[in-house]
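**Q** Positions annotated as N-linked glycosylation site by Swiss-Prot: N219, N271, N285, N322, N372, N394, N400, N407, N414, N478, N735. According to Swiss-Prot, the feature transmembrane segment maps to 545-565, 623-643, 804-824, an assignment based on sequence analysis. Summarising the annotation, Swiss-Prot assigns topological domain 'Cytoplasmic' to 566-622, 825-979. Sequence annotations record features per position, and here Swiss-Prot assigns compositional bias 'Gly residues' to 894-903. The feature compositional bias 'Pro residues' is assigned by Swiss-Prot to 912-923.
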Amino acid sequence: MPAELLLLLIVAFANPSCQVLSSLRMAAILDDQTVCGRGERLALALAREQINGIIEVPAKARVEVDIFELQRDSQYETTDTMCQILPKGVVSVLGPSSSPASASTVSHICGEKEIPHIKVGPEETPRLQYLRFASVSLYPSNEDVSLAVSRILKSFNYPSASLICAKAECLLRLEELVRGFLISKETLSVRMLDDSRDPTPLLKEIRDDKVSTIIIDANASISHLVLRKASELGMTSAFYKYILTTMDFPILHLDGIVEDSSNILGFSMFNTSHPFYPEFVRSLNMSWRENCEASTYPGPALSAALMFDAVHVVVSAVRELNRSQEIGVKPLACTSANIWPHGTSLMNYLRMVEYDGLTGRVEFNSKGQRTNYTLRILEKSRQGHREIGVWYSNRTLAMNATTLDINLSQTLANKTLVVTTILENPYVMRRPNFQALSGNERFEGFCVDMLRELAELLRFRYRLRLVEDGLYGAPEPNGSWTGMVGELINRKADLAVAAFTITAEREKVIDFSKPFMTLGISILYRVHMGRKPGYFSFLDPFSPAVWLFMLLAYLAVSCVLFLAARLSPYEWYNPHPCLRARPHILENQYTLGNSLWFPVGGFMQQGSEIMPRALSTRCVSGVWWAFTLIIISSYTANLAAFLTVQRMEVPVESADDLADQTNIEYGTIHAGSTMTFFQNSRYQTYQRMWNYMQSKQPSVFVKSTEEGIARVLNSRYAFLLESTMNEYHRRLNCNLTQIGGLLDTKGYGIGMPLGSPFRDEITLAILQLQENNRLEILKRKWWEGGRCPKEEDHRAKGLGMENIGGIFVVLICGLIIAVFVAVMEFIWSTRRSAESEEVSVCQEMLQELRHAVSCRKTSRSRRRRRPGGPSRALLSLRAVREMRLSNGKLYSAGAGGDAGAHGGPQRLLDDPGPPGGPRPQAPTPCTHVRVCQECRRIQALRASGAGAPPRGLGTPAEATSPPRPRPGPTGPRELTEHE
């Protein structure tokens with residue numbers, strides 16, 4: 001208890017001039033100059049009565065609000081009013097609501113006296129910062145309003161806009177909006193109202209500039225004036241969109257101004273779900289009727305609701321402050337330097353207030369600005385207004401998709417639209433009998449069918465007509481546009497349905513729907529088909545040089561194999577190692593013929609009966625087999641492509657190749673999107689291509705796709721066009737092909753005038769057609785009727801005789817050669833047989849032929865020669881006996897027994913000649929027979945005992961018997977002395 005008493009004494013002596021708070025007094029400055037009033041006075045009374053009837057803050061203190069009228073926005077008058085307020089000992093000052101300059105003066109004086117100031121109107125621009133004190137504002141900050149307008153523009157995809165300002169400070173007030181346009185490099189034109197306040201000249205300028213989005217930064221009365229003048233100029237149609245920054249948008253009287261399709265947007269802060277809102281509106285309505293019986297009540301003004309919330313905010317802060325300390329009021333004067341000691345504490349509690357009022361959630365940040373609130377976005381109509389979205393103070397926007405814009409079926413139902421188009425296969429074409437038809441029936445194509453689907457879906461009618469100048473649309477130096485774009489800008493058409501490319505430059509002046517087809521720029525060129533596969537096309541996988549080197553490799557391998565086999569001792573072998581009576585005679589299987597045949601068998605992957613024995617010959621065989629493996633695999637891999645693909649001869653393969661040469665001309669459609677793409681491109685290759693196309697004479701630009709196709713087929717010309725058209729014309733003409741890939745990615749859309757009310761309806765309908773697969777069905781209908789198949793749809797086909805007929809020719813030639821050789825061998829053999837048998841050649845040939853054509857006989861007996869001379873075996877044996885050994889080889893001796901007398905080694909004798917006749921010359925040595933060391937010893941013994949018969953000859957009968965044929969393909973057929 002002593003402590004509490006001491007505290008009260010300290011407070012009493014510390015504030016001797018403060019009076020104990022018996023009533024909570026506030027001062028409200030009203031600047032309402034309207035006839036019927038905005039209801040601010042009534043709102044203050046309602047707030048006072050509601051608070052006094054529910055709570056007492058502080059204990060036994062009632063709320064009192066002193067009202068002061070401000071006749072005009074004057075600094076002197078405002079200062080005089082404040083000098084009247086200060087001696088009354090108020091805890092807060094409210095208002096004014098519509099005089100920013102006066103509100104700034106009030107804030108300055110309250111800051112000097114440390115009395116909280118509650119603002120209920122727009123901020124002054126620029127916003128003054130006070131070092132000692134600050135006020136709090138229930139009105140949205142300029143930054144929030146600017147951000148809300150900017151987000152709405154982005155939500156509706158408005159590329160350009162015009163700003164009408166009532167005061168010069170609007171650029172500072174809407175600083176965030178202006179900064180957004182500067183960053184996006186979009187167009188924002190600013191127009192200032194003059195002192196006459198007549199917006200007609202400004203509206204005419206906006207109409208001439210083809211700007212459809214208009215932002216009005218003014219109070220409610222001036223905004224109403226601008227809209228009324230706009231209605232007189234016919235600028236309130238569906239083409240124009242208005243955004244008002246005033247927060248009194250709900251009370252604007254727009255009867256007779258807005259149309260059914262008008263788009264006028266504004267903001268509202270009212271919390272219609274507040275429990276006291278119906279009573280508040282009813283009370284204001286009754287007051288309005290008492291003061292203004294002749295006019296209709298428009299609704300509650302925002303300033304009245306802000307005054308109501310301001311009283312509650314101050315009471316809430318005082319109640320919280322009173323819990324920690326007792327509050328006392330102090331009369332002040334303008335001429336003194338005294339301050340209210342509790343003002344700073346109350347200001348701190350004001351910043352901490354959290355209250356749900358008629359204007360929504362009330363909270364403040366450290367700067368005293370309102371935060372954590374919402375702005376309802378309303379759209380005006382004849383029936384009133386409807387909410388289409390909400391903007392939150394955390395800089396987010398939520399649009400209501402169900403109420404955004406007008407219902408589709410109600411917008412286009414039973415309306416007739418003028419549709420401009422351009423002839424372009426297969427999008428829009430004339431029917432073959434179009435002269436006998438009229439209206440829309442004259443045309444057909446993909447776009448015509450799509451337009452018919454849209455009309456059935458949205459229930460509208462249309463009238464097709466061709467664009468007057470036959471162009472898609474490009475900007476002129478004077479700023480105007482040609483083609484379909486120009487007709488949309490000048491309102492000559494409602495829609496443009498064709499192969500209409502969506503570009504950023506066109507989007508600035510017209511609107512587009514969502515793309516109904518995605519594509520890119522491609523290169524179309526005429527190709528010369530390569531020669532068709534001939535009878536000898538199986539030789540195409542390898543060049544002639546490769547075939548020549550393969551032949552040389554074959555000959556080289558054969559020679560190396562022959563030499564290696566002759567030099568290596570491991571290739572000489574005994575053909576009969578198991579017969580002990582046989583002599584040690586070594587044979588070599590690699591004769592010259594076998595050496596040539598062995599690589600052929602390996603190359604043909606068939607092998608042969610000849611197997612290498614020595615390491616050297618195996619090495620040669622291995623590398624040859626590896627060589628043939630790679631060659632055959634490569635040949636097989638390339639053969640199918642060379643026999644099935646008819647190669648095309650294309651001199652360039654990409655846009656870079658096209659830009660690097662000058663032999664082939666290239667160009668685009670004049671005044672089309674492709675031309676604009678190259679004109680605006682910053683890529684070096686495309687810039688070079690544009691410089692070439694622009695400077696080339698005669699011009700490389702064409703007026704239509706058909707002209708470009710004809711130029712491609714008749715000259716060295718590459719046509720740059722959209723990939724979908726490229727695909728269509730390649731299906732019609734097989735001599736056309738696409739070079740490289742796509743140069744960009746874009747889409748075709750339906751064009752509309754800027755701000756057209758049909759944009760969203762048509763976009764949604766296109767999306768619905770895509771989801772139902774109707775657009776894909778239409779594309780297949782008009783693209784799959786060509787004579788040439790799609791390149792990616794090639795399938796394997798059976799090879800004809802024109803592909804592989806040459807191998808049959810080779811086979812037939814080989815068979816003919818084989819038969820010819822067989823006939824020659826047959827003739828040669830029968831001729832020799834006839835001489836040995838001493839019969840006529842014809843008789844011998846007839847007998848051999850009879851045996852050869854006998855299908856059942858597979859063997860025959862060898863005929864013996866007639867008697868009368870020594871047998872061939874005896875002659876051979878005699879020749880062997882007369883052979884001598886020289887350098888490890890067997891040679892036949894000469895007449896005098898000297899081998900050297902006959903000019904060196906000769907071959908073995910085949911026939912000793914007639915009986916009693918002279919001996920023939922000594923033959924050359926048998927190069928494939930080698931005599932071992934044992935034979936050398938026998939030869940020496942035979943030379944020492946010349947008269948003794950050699951061991952192993954047997955009886956004379958055996959000596960005279962015909963020799964046995966030796967097995968083996970290369971073994972010698974002659975008998976040696978051992979046999």
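Each Cβ is built from the backbone N, Cα and C atoms, and glycine gets one as well.
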**Q** When the Cα-Cα distance from N219 (N-linked glycosylation site) is computed for each of the glycosylation sites N322, N372, N400, which gives the smallest value?
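**A** Closest candidate to N219 (N-linked glycosylation site), judged by Cα separation, is N372.
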**Q** Based on Cα coordinates, which of the following glycosylation sites are within 10 Å of N394 (N-linked glycosylation site): N271, N285, N322, N414, N478?
**A** none
**Q** Between N414 (N-linked glycosylation site) and N372 (N-linked glycosylation site), what C-alpha distance do you get in Å?
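**A** Cα of N414 (N-linked glycosylation site) to Cα of N372 (N-linked glycosylation site) measures 46 Å after rounding.
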**Q** Around N322 (N-linked glycosylation site), how many other CB atoms lie within 10 A of its CB?
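**A** So the number of other Cβ atoms within 10 Å of N322 (N-linked glycosylation site) is 19.
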**Q** Can you tell me the CA-to-CA distance separating N478 (N-linked glycosylation site) and N271 (N-linked glycosylation site), as a whole number of Å?
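**A** With distance taken Cα to Cα, N271 (N-linked glycosylation site) is 51 Å from N478 (N-linked glycosylation site).
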**Q** Take every residue in the topological domain 'Cytoplasmic' (825-979), average their pLDDT values, and give the whole-number result.
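**A** Within the topological domain 'Cytoplasmic' (825-979), the model's average pLDDT equals 51.
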**Q** Find the one among the glycosylation sites N271, N285, N322, N400, N735 whose C-alpha lies closest to that of N372 (N-linked glycosylation site).
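**A** Sorting the glycosylation sites by distance from N372 (N-linked glycosylation site), the top entry is N271.
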**Q** Just to verify a number: CA distance, N271 (N-linked glycosylation site) to N322 (N-linked glycosylation site), in angstrom, no decimals.
**A** 29
**Q** For the topological domain 'Cytoplasmic' (566-622), DSSP counts of helix, strand and coil?
**A** 25 helix, 6 strand, 26 coil
**Q** Spatially speaking, which of the glycosylation sites N322, N400, N735 is closest to N285 (N-linked glycosylation site)? Use C-alpha to C-alpha, please.
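**A** Given the candidates N322, N400, N735, the nearest one is N400.
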**Q** Which residues of the same chain, at least 6 positions away in sequence, have a Cβ lying under 8 Å from the Cβ of N400 (N-linked glycosylation site)?
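**A** The answer is E387, I388, G389.
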**Q** Since the record lists N271, N394, N414, N478, N735 as glycosylation sites, which of them has the fewest other Cβ atoms within 10 Å of its Cβ?
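**A** Across N271, N394, N414, N478, N735, these glycosylation sites, the one with fewest Cβ atoms within 10 Å is N478.
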**Q** Tell me which of the glycosylation sites N219, N285, N372 sits in the most Cβ-dense spot, judged by other Cβ atoms within 10 Å.
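**A** Of the glycosylation sites N219, N285, N372, the most buried by Cβ count within 10 Å is N219.
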**Q** Using DSSP reduced to three states, classify N400 (N-linked glycosylation site) as helix, strand or coil.
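**A** DSSP call for N400 (N-linked glycosylation site): coil, neither helix nor strand.
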**Q** Between N735 (N-linked glycosylation site) and N322 (N-linked glycosylation site), find the distance joining the two CA atoms and give it rounded to the nearest Å.
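**A** That comes out at 94 Å between the alpha carbons.
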